[in-house]
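What TrEMBL says about this protein:
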DOMAIN    20-164  domain 'Lysosome-associated membrane glycoprotein 2-like luminal'
DISULFID  CYS140-CYS176  disulfide bond
DOMAIN    208-348  domain 'Lysosome-associated membrane glycoprotein 2-like luminal'
DISULFID  CYS321-CYS358  disulfide bond
TRANSMEM  365-388  transmembrane segment
DOMAIN    367-398  domain 'Lysosome-associated membrane glycoprotein 2-like transmembrane'
Amino acid sequence: LYCYFISIAELHLSHATEVSVNNTENKLCLYANLMVNFSVTYEVGVNKSETVLFVLPENVTTEGSICNNTTSTLKLGFGDGHSWAVEFTKDNKTYQVDSIVFTYNLNDSRVFTNSTSNETKSVTAKPRITNVGVDTYYSCKSENVQRVESVTQTLYDVTLQAFVTNGSKSDTDTVCTADLTSTTVAPTTTVTTTAAPTSTPTPTLPTPTTGNYSIAPDFNSTACLMATFGLRIGFKQGDKVETINLVPSATEVGGACGVNSSILILTSDTITIMFTFSNDSKKFHLHALNVTVKPATGVAVVAANTNMSIWVAAVGSSYMCNREQTLTVTETLTLYTFKLRVQPFGVEKGEFATAHECSLDDTSILIPVIVGVALAILILIVVIAYVIGRRKTYVGYQTL
């Protein structure tokens, strides 16, 4: 089991950055509508580092962007000295992305808290965005992860068009290979929690192994987020429902502890899942789920729900549900949790606080129900006995 710590700087789950760049004739020559997440590891002391997560914001500048006949540059500036630049080249019939240059300023204390360096660094990634037809836009809903040195860039929901002709974005797209071989599920706004699935997935898997997951600020600190549960994912492949269990011993753990938002990220060879918890100062709840499943056969499934309000408990306590829970993330993907206990805020001394139990575990609710059913049965028996006794008495009078 692997673990690392991540801090959060203005991390949002669902927004896009949309920009248009005009040429010297004031006609559109570059267009982009995309989402980019950044993960940067930086030094905060001797042999000590932290990793910060942040996103490409909605409000950016395009100063430094260039449109030429065979080369173009889309440069987006943001924050205190940060920029993200995409270099395009074109031949007769197609164009491509040659490189993505991400520049970040370690002197920006709002993002890189306690950084021991004030340098401005750059990394160059070589994404495989090629053979985009001229007069078409590049479209890719799937994640495109670029890892260079201490920086990870994750691009998704990407729309890009360079070398725009006639001053308007094309209506024709060139779809990335990943989208042609995967199923991407858009976020939904409904979540259901039940005691058991509405249908039995096949084949039946053994109960998932319970994993213990935690996030700590550094190796010398106690946990700031704790979770323990077994996890199964059910997903549709065509008309068939497939299931897969998360294996704790083969899972990498990441995440972040924030004041108002905490994140737990679990990654294995087949599953990547991000839990986002929100805190309103009095209670916390699970706010969002982002899930990617890569089965051994069939296509990958990507699902997200960013409008959830479950696993609710008071800040400073934990949430617990030992019974099997079913969480419908989207119409095509469902989570099943077993022996669940989570505490994303207010962990002290590396131990769970008093638990708020889910209704499925609360036997106090069952006691009055059982008593009520028993009384109803007893009353029914008395009534039946009375009716039978009356009938026998009546028959006796008739005989006399």
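The backbone N, Cα and C atoms fix where each Cβ goes, and this holds for glycine too.
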*Given the disulfide-bonded residues CYS176, CYS321, which one's Cβ is surrounded by the fewest other Cβ atoms within 10 Å?*
CYS176
*If you run through the domain 'Lysosome-associated membrane glycoprotein 2-like luminal' (20-164) with DSSP, how many residues end up as helix, strand and coil?*
0 helix, 93 strand, 52 coil
_Using CB atoms and a 10 A radius, I'd like the single residue among the disulfide-bonded residues CYS140, CYS358 with the highest neighbour count._
CYS140
*Helix, strand, coil residue numbers for the domain 'Lysosome-associated membrane glycoprotein 2-like luminal' (208-348) per DSSP?*
3 helix, 91 strand, 47 coil
